[in-house]
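Taken from TrEMBL as is:
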TRANSMEM  12-30  transmembrane segment
TRANSMEM  37-53  transmembrane segment
TRANSMEM  65-95  transmembrane segment
TRANSMEM  107-126  transmembrane segment
TRANSMEM  132-150  transmembrane segment
TRANSMEM  155-171  transmembrane segment
TRANSMEM  205-226  transmembrane segment
TRANSMEM  247-269  transmembrane segment
TRANSMEM  281-304  transmembrane segment
TRANSMEM  311-327  transmembrane segment
TRANSMEM  339-361  transmembrane segment
Amino acid sequence: MKNKYSLNEWAGALGDLGTFIPFVLGYITIANIEPTGMLFSFGVMMICSGLFYKTPMPIQPMKAIGGAAIAGGAAITPQIIWGAGLFTGVFWLFVGLSGATRHICKIVSKPVIRGIVLGLGMAFMLEGIGRMKSEFLLGLVGLAIAFYLLESRKFPAMFALLILGFAFSLVKNPELLQSDWLKAEMRIPAFALKDMAWGDFVEGAILLGIPQIPLTLGNAIFALTAENNRLFPERPVTEKKISISHGVINLFSPIFGGIPVCHGAGGLLGHTRFGAKTGGALVILGSVTILLAVFFGEAVVGILRMLPPSILGVILFVAGIELAYSARDSGAEKSDFYVVLVTAAFGITNMGAGFLAGVILDQMIKRKIIRL
C-alpha cells in the first residue's frame, strides 16, 4: 500500500479540524503555549505517522488533558502541560513494551469497544450541534452541502465547507482583508524543556496525565485499533503497537513545546469520511502545519479564527455520524446490546467512565452475576 496525494487526500487531511482547531486555539490563547513549537511538533508527528502507517493515522490533542489544561487557566503552566506529555509517553511506552495490553485485551470485549465508538460518535454529534448553534442557518447550509458532496470525487465536501466558512467570515467582517496580522516571519522552534522542573512533571502527571489514561485506553488504543483494522485490513495494527506509538509521540512532542497527543478513533474516521484513504493525508497536513509554524506561527490564531464555529460543528457532526454508524455490528445477543448502550451512555460525557462501566457490566454478565 502506497501513500497517495490526490485531491481527496488533501480534502481528507482536513477532516479532523473540528477537534484540532478548538484545542489549538485554547492552548495558545488560554494556556500560553507558544504556537511555533506546538505546530512544528504536530507537523513532524503527522508526517512520521503518515509515512510509517501509510493509513490516515491521526495525530490529535488528548481531550481530557486539553480540556483540563484550558479550563485551569493560569494555574496550568506550559511546563505542567509538557510534564503531562512526558508522563503520558513514559506510561504508554511501558504498557506497550511490557505486554500489559495483551492482558487488558482479554477483558475488553467487542461490545465494549463498539460502545466506546458509539458513545464517541454521539459525543461528536452533540458537540457539533452545539457549535452549529452559533450561526444555525450557516450550519444547516453547511450540513446540506456536506451530505450532498460527501461521496463526490470531483469536488470534495471539505473544500466546499472551507470556502463557505471563509467566505462567510470575510462577508461578515470585511476588515479582515485589511488587517496586517497575516505576515510571514520565519521562526525556528526552540528546545522547550530547559525551564521544566521535577515538580512540573509530578503536577502534570497527577492533574492531567492520570485522568486521561482510561479515555486513551478506550478510544485511542482499543477503538482505534478496531477501526483501523476494519477500514484497512491490509494494514493491520495491534494494541501493543499503538501503545508504543503513543509513548514515542508523547516523549517527542514536549521537546519543542508540543502538547500531549493521541491516535484517536474519531480522528481516523474524520479523515476517512472526508476522502483520505492513505497516509498521504497526514503527510500533507503535517507539511502544511510545519509551514504555518515556521512562517506564520504568530498569525495562526487569526487564520484559525476565520473558520466559523458552525462550520467546525458540521465537520464534527459528520465525523460523529460515521463513527456511530461503525458500531452497528455489536453482536446478536441482547446482553451485547446492553453493554454497548451502557458503555455509550456513560461515554458520551466521559469516555473513561464509559470504558469502566462497559467492562464491569460485561464481566458481570459473563460471570452470570447479572442475567439479561
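Residue 1 is the first one shown; counting continues down the chain.
Any Cβ shown, glycine's included, is placed from N, Cα and C.
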*Candidates 132-150, 155-171, 281-304, 339-361; stretch with most C-beta pairs under 8 Å toward the transmembrane segment (205-226)*: 339-361
*Surrounding residues of the transmembrane segment (37-53) on its own chain - C-beta under 8 Å, 6+ positions past either end*: 3, 24, 27-28, 59, 189-190, 192, 235, 237, 249, 252-259, 261, 263, 278-294, 297, 300
*For the transmembrane segment (247-269), which stretch among 107-126, 132-150, 155-171, 339-361 has the most Cβ pairs under 8 A?*
107-126
*In terms of Cβ proximity under 8 Å, which residues at least six beyond the ends of the transmembrane segment (107-126) contact it?*
18, 218-219, 222-223, 226-227, 265-266, 269, 316-317, 319-327, 329-331, 336-337, 339-349, 351, 354-355, 358-359, 362-363
*Which listed stretch (12-30, 132-150, 155-171, 339-361) has the most C-beta pairs under 8 A with the transmembrane segment (281-304)?*
12-30
_Leading stretch by Cβ pairs under 8 Å, where the reference is the transmembrane segment (311-327) and the options are 12-30, 132-150, 339-361_ = 132-150
*Near the transmembrane segment (339-361), which same-chain residues lie under 8 Å Cβ to Cβ, leaving out any that are not at least 6 residues past its ends?*
63-64, 107-109, 111-112, 114-116, 118-120, 122-123, 126, 211, 213-215, 217-219, 327, 330-331, 370
